[in-house]
Amino acid sequence: MKKSLYILACLLSFSLLAQKKNVPQESDFYEIKTLPIPKEIYLEIGGIATLPDGKLAVSTRRGEIWILENPYQLENHQVSYHKFASGMHEILGLAYQDGVFYCSQRGELTKVSDVNRDGVADLYEPVYQFELSGNYHEYTYGPVFDKNGDMWVSLNLAWVGFGEGKFSKWRGWFVKITKDGKLEPFAGGLRSPAGYSFNADGDLFYGENQGDWVGSGRVTQLSKGDFAGNPGGLKWAKEPNSPFKLTLEEIPDNGNPMYMAAEKVKNLKLPAVWFPHAIMGISTSDILQDTTGGKFSPFPGQYFVADQGQSKVMRMGLEKVNGVYQGFCINYREGFQSGILRERFGLDGSMFVGMTSRGWGSTGKDEYGLQRLVWNGKNPFEIKDIKVQKGGFVLSFTQPLNEASVNKLKSYALRSYIYKYQHQYGSPIIELKNLPIKSIRISDDKKQISMELDGMRRYFIHELKFPGLQSASGDNLLHETAYYTVNEFPSNDIAVNTWKSIAMEEEKAKKNDVVLEKPKQDKKTTGLISESVAQELLKKHTCVACHAKDKRIVGPAFEEIAKRKYTDQQILKLVYKPNPANWPDYATEMAPMSHVPAGDVLKIAKWINSLGNRKELENRD
Amino acid sequence: MKRLYFLLLFVSFSSLAQNQIALNDLSAFDSPTKNWTIEGRAKGNISDSLLQISMGNGILVNTLRQGKYHREDDLKFKLNHGDIHFKIDFMLPKGANSGLYLQGRYELQLFDSYGKKSVKYNDCGGIYERWDEKRGKGNEGYEGSAPRVNASKAPGLWQHLEVEFQAPRFNANGVKTQSAIFKKVILNGVVVQENVIVSGLTRGSLFDKEAAFGPLMIQGDHGQIAFKNIWYETYDLPSVQLGKVRFQVYEGKFPDYQVGNAKVVQSGDLDKITQKAIDLRSDFLTKFDEDIEVPATDTYQFKTNWTGSGQLFVDGQLLNKGASWYTQSIYESIKLEKGTHHLQLVYAKDFPWGPKSLGLSIKRVGAHWVDVHERTSLPDPEAVGMIELKAESEPVFQRSFTFHKGIKKTHVISVGDPSGIHYSYNLKQGALLQVWKGKFLNVTQMWENRGEPQTSEPMGVVLDMDGKFPLVVDHQNQLDSLEAKDLVYKGYRIQHGRPIFKYDWKSTGLQIEDYILPNAEGTGLLRKIKIVGASPTKSNVQLIVSNATDFAELNSNMQSANSNEYNVKWEKGTAEILKLGNHQFQLRLPLLGEEFNYQIIW
């Protein structure tokens, strides 16, 4: 009797606690507002321009420019759509300046005007005509205006089983075009440069898609004459007005990381931040620095990088070390309705997110969409910023930390790795190493910690995961993992010697964790895991970003994979070394996931194969 | 003995199974009346209710010579046909009415339906009604099938018709087991009927009963009409007979088809060739062996389809080999003697993607295709719904890639008009690529999925234009293309919903405004090219209205081009026709004032 009472009390207190402590979600802070789209409009958004009169202009892959009234949905949820221009060829960028629109069609940078001011475009003038070979993959993005009023356009490579730029001039390049149509090539080595922008300092950043010569998604800052890594467009480096000379033969193709190639190829520009493939997106698109002065997010000055395939917005924090940009990326908000191609700030500091997934696929299941990302002013518990030190990092947080969580080793999972630089599509993670903690200090306000780590490596991605860190009020981090790319080490560290040194908890705890992390098991006798365990594993290893049980997302449904009747071992092999040719109907190739432990993959494989059996059982009379 | 007789009969048929009817005389027809004559040329203006005929041979004309038509003026071919595929060109004057009776029984309507907004069974390309008095007055007609769209061209122009017809089938007791079918009717390049079953006779049938054979007949009692280029194929000859199939499967990759020491992992007998017999998904090579019986010495065409790679041997001789995708058909022909022949089909697939697919069919002229494979051995094509861009209430323009004369043009705009008259224009060259009437634009290849072709296609009766910049100065030759730095594209402004294209013509110092719109009558396009600016060369600018295989004058400011394929008409000036070569003529106009003004009518 006594015992059962005790249990009841425990349950009560636990449930009370649970009621009090809802686990914070992204949506508790960063709200997504959906703009309704009339059914007959295919708003496959390729460009967005915020208009000063409170309207919004969007351009579409079907070649139209729509002007939306009441896009902020102030009193009325409905938005009014007006077709301003039409008939253009897949407009993947839109800008508005001095009362006229500038947009990129496949073969032309076009100025679109309404001369008689009746609200419908009546003049379509070429600012510049681009060459095209007729290959569909020669996408044209832009323009983005710089401070001088010049326009920047990025030119996608053709796809012929690999990225190829030789068919049409300046494919694989960033070009600058003046309003009177003078073109200046600026930087080369691009593959699929769907999104780019200037930061407040006027520096150009662009997002690259994983693919050939691109081991993983990334953001790179480009200066004139930089070569961003894909040699598909190097034919044009021979042109007299090319800002650099380089040939394909000079590019090492030995599978070593990109930084090693950069030792030989002097203008090969390393990314400011790597976005680990399938974890931090699969197809990096637009980039926008938060210049809203605190309206858009709790992270003014930081960057918001969209991903087309994973329908999410990530956050990127940069610092300049020895004159070189570098920094971290971390998740910010997932769950958008379709594949995000464009981000633009509205007049109120919220962000319009323009989407399309036709032919490309995305986690968001809609074919297209338009949403707005709004911060509701509440303060989430997040990693605010990360600065690199000579031998570690200093992290700041949006809320004071619970010191008791800081001193636990299990609050940290730190490691580093890099990708190959090669002509093959994508890359597995290579040179993976754990980063042992040497010491931790905490600032007086408990909002910063410094970590001294063993084995920091220049040019590597440092995966910083804090599964146990808690705020003083007991919340876990909204996003516990950041990925910092170290290009440079500073000559001077931030002074932290006055900060309190944390004595880390016993080894015992660590051992327990290790046991928890890797329970002993015999691979041969791995049993079938339950649906919920499977889902947990799939989530943990980010499989769910591209696959679902019974529907196609970016990749095939698990039930479809089950139909192939691969053995568990074959699935393991394919997870580690995917063969995109097996799934020719899928636009996005799968990344090698060789960092996922074999034990977990085999469990998943067995579960996948069980889906096929279940279907057969269900179909049995 | 009896069998031999049949064979001889078939041999004598063979040369007639596929035939272009030479219209040098009326010998192909059964007792033609005097109304039917062989002539050299026909032409006519849109408004003419009679064609202008000139002497010669090559065309068949029904002329109003006796003043009034009679039933005997219907023209019967000597050709007695069952299943038939035929192609024919016809020309109607304004208001004309005729028809083609398949087997003398089932009428396909020929009618001057030009310009009609909506069409019925009794319009051009329609399958005329059956007739039954018992249905009661006013309801006698039934089961007519209207053409899908009005694909008519103007009176006085040659129109092209292609028909595939399947005759009714009867059992040994003469009882009909399957009605006749219009498999396909294509009018001026547009499919207007597809697999339409006709349950019985048209009212004007020559016969009162259906039968396996009957003569092709042209209705000749309702007005003038001209024909040329009559081609047909019938399908009454025996074709190959299939035998039993043996197959053997080897596992592995065999890039050069050599199985070497590889073991057979599966083998057996089949009724017909099918990839479904192969248990492996990929990484196999399968050999199918079959003896076929060839009924007569003749040329036989072999069609193969496969996903992967394959080889086809006939009597040990390699007929074709290579890697392919199943949607692509490869044709090869070989002459075979009467008797037994051995086929070996080798099918290998060493990649896992794509469905296994294998097809082999054989065709003899005068017989239908014979599928050597099981139907399910070839997968169905993907079901992709069409995306149609419509121009219903106002003009619509759309840029895309467009194929022109087999070349993909990348800076093309297509302009559609609610009047149903549309065109495509190469912005880089200031040139018309194609003009058409009907529905506007099929954009499926651009807006479905990634749209890898990125092309649009016209939906209607299309005329291919030369795709060249139409102006020259100082009597120079017309160039195939101008350089971008000479002809500088300046964009387009929109007037009444339609674009006016602007160019700087650097080498002449002139500016150009090119405005194309439907003409007032709705019979074609009006093109106005305004020459702006003062330059010494201005007075020497010439417009090239058309490049054609020939021209025929309709009146002083109107010519019919390409053997009456279309007409051109201009406002002012005297045309100069240059002979550039054999069947290469060019019609030029001088610039009078500031603007060229001409029409393309079809």
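Just so you know, glycine gets a Cβ as well, placed from its N, Cα and C.
Positions annotated as signal peptide by TrEMBL: A:1-20.
What TrEMBL lists as domain 'Cytochrome c' is A:529-612.
The local packing around A:MET590 (heme c binding site), expressed as other Cβ atoms within 10 Å of its Cβ over all shown chains, amounts to 25. The annotation heme c binding site is assigned in TrEMBL to A:CYS543, A:HIS547, A:MET590.
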Q) Counting each residue once, how many in the domain 'Cytochrome c' (A:529-612) are helix, strand and coil under DSSP? A) 46 helix, 2 strand, 36 coil
**Q.** Same chain, 6+ residues apart, C-beta under 8 Å of the C-beta of A:CYS543 (heme c binding site), given in sequence order
**A.** A:LEU537, A:MET593, A:ILE604
Q. 10 Å Cβ neighbour count around A:HIS547 (heme c binding site)?
A. 22
(Q) As a test of reading the model: what is the averaged pLDDT for the domain 'Cytochrome c' (A:529-612)? (A) 83
Q | Maximal Cα-Cα distance (Å) across residues annotated as binding heme c, namely A:CYS543, A:HIS547, A:MET590 | A | 10
Q: Write out, in the order they occur in the sequence, the residues of the chain not among A:CYS543, A:HIS547, A:MET590 that have a C-beta within 8 Å of the mean position of the C-beta atoms of the recorded heme c site.
A: A:ALA278, A:VAL544, A:ALA545, A:CYS546, A:VAL554, A:GLY555, A:MET593
